[in-house]
Amino acid sequence: MTRSITRRTKDQLEDYSPSATGHDAPSADSGDSAGRETPRAARVPDELAGDRLDKVLAKIFPEFSRNRLQGWIEEGRVLIDGAGAKVRQPVPLGATITLVPDLLPEQLAFAPEPVPLHIVYEDETLVVVNKPAGMVVHPAAGNWSGTLLNGLLHRYGDAAAGLPRAGIVHRLDKETSGLMVVARTLQAQTDLVRQLQARTVKRRYVAFVWGTMPDEGTIDAPIGRDPRERKRMAVVKTASGKPARTHFRTINRTTWHGQPVSAIHCDLETGRTHQIRVHCAHIQHPLLGDPVYGHARGKRSVRPLPNDFARQALHAWRLGLIHPATGKEVHWRADVPEDIAMLAAELGFGQDEGVEFDRDEGFAEVYEMGEGEEGDWDDEDYEDDEA
């Protein structure tokens, strides 16, 4: 794996938070009785003068996602010296930026909780977690507790609390199980985000889909919000769609009550919200058990799935990256959980040749990806996932 990441040293990692720039950040209880937060203000450091507003905001207020900050700019909630501003507007020298969020940010209400975590690997730089199905990565409406973030805050205390999103750099949907990497230092978090953006992080998933999939291939189709149902993602051909590429190999095939089923490996080149689920549904091979995308063009199951399997059949099985501290390539694997193993057995996989989850051909290979761009990794609020 060839690395195209320039790692920043500790001295280069500047703190542009309001407290570091001479302004006090409000506490978690600083909002008014209606749940609104007191506006924040910060003077722009000289070294950021002339940069685009959205990039300056991301450095001054790292606790908020870039998409959320851009949304607040467009809604008029960000002011430069008291006047409205635009996303790409250069910030003048000596300017004061005022941020007026609507609702109290969830980040300020996060609390540590003794959430059990399955730790696959841990050192002073990063931790690799095997997330179970049913666990939400980040607090959001309807899931304010019991999340991975709450568990990280409990396990690592102030160290995690001092990092944006407690060190989380990517996400999995609530009902997708498997591997996630979490940073334990700001330098590691910066490095891991850059690796994701540069497409050098290797992520392989095991999935079960309806239909007879080809032996291998690449799904290259842009993904964006479904214009007819904004809570869903979809393949879109308009400018709102972001490039998305999923590489797949078929492991085995079987039938379930007369319907063909394929077991596949999926490797992500980009990291779009619900990417694997949307892409598979787009080519008329939706994931088994997917409650959102599993009903594409008559693919709804005529019978319940074995063992009342009630989630998308998707597991983040392999993870590979460059260790931020050592510069060496490292890989981890998380065996499929019991519910997916039982599903495979009941579907008829494993009776002859087996599902062969251990086939690792090509995991470390580099696809013809070219140089990644900042937009190749979705930095949305943690209400969705990348798979």
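Every residue, even glycine, has its Cβ placed from backbone N, Cα and C.
Since this is a predicted model, take the numbers as computed values, not measurements.
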(request) Tell me which range among 346-366, 367-387 TrEMBL lists as region 'Disordered'. (result) 367-387
(message) Neighbour count, 10 Å Cβ-Cβ cut-off, for Asp173 (active site): what number do you get?
(response) 24
(message) Mean pLDDT for the domain 'RNA-binding S4' (51-116), rounded to an integer?
(response) 80
(request) Could you break down the residues of the domain 'RNA-binding S4' (51-116) into DSSP helix, strand and coil, giving a count for each? (result) 21 helix, 11 strand, 34 coil
